[in-house]
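Written out below as structure tokens is the structure these notes cover.
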Amino acid sequence: SGTIFAYGQTGTGKTFTMEGVRAIPELRGIIPNSFAHIFGHIAKAEGDTRFLVRVSYLEIYNEEVRDLLGKDQTQRLE
């Protein structure tokens, strides 16, 4: 279980820190690097080990919560 949380003013680099630049490995953000780490360990697992990976990607802005992986990103969550 883990959480990655970015907090700060608009325009301070939170999105870049979290996502980075996909095309340049040295500039990948925390999220793609975390996925590479997790799935790298899963790929190395031996035997009959099974894994379940669940991900949530939420935005909290002006006291509104949005699911950024949902079909409708404009829908507010309660």
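Just so you know, glycine gets a Cβ as well, placed from its N, Cα and C.
Here is what TrEMBL says about this protein:
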DOMAIN    1-78  domain 'Kinesin motor'
BINDING   G8, Q9, T10, G11, T12, G13, K14, T15  ATP binding site
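Around the Cβ of G8 (ATP binding site), the number of neighbouring Cβ atoms within 10 Å comes to 9. Cβ packing within 10 Å was compared across the binding-site residues T10, T12, and the lowest neighbour count falls to T10. G11 (ATP binding site) counts 7 other C-beta atoms within 10 Å of its own C-beta, drawing on all protein chains shown. For T15 (ATP binding site), the same-chain residues lying six or more positions away in sequence with a CB closer than 8 A to its CB are A6.
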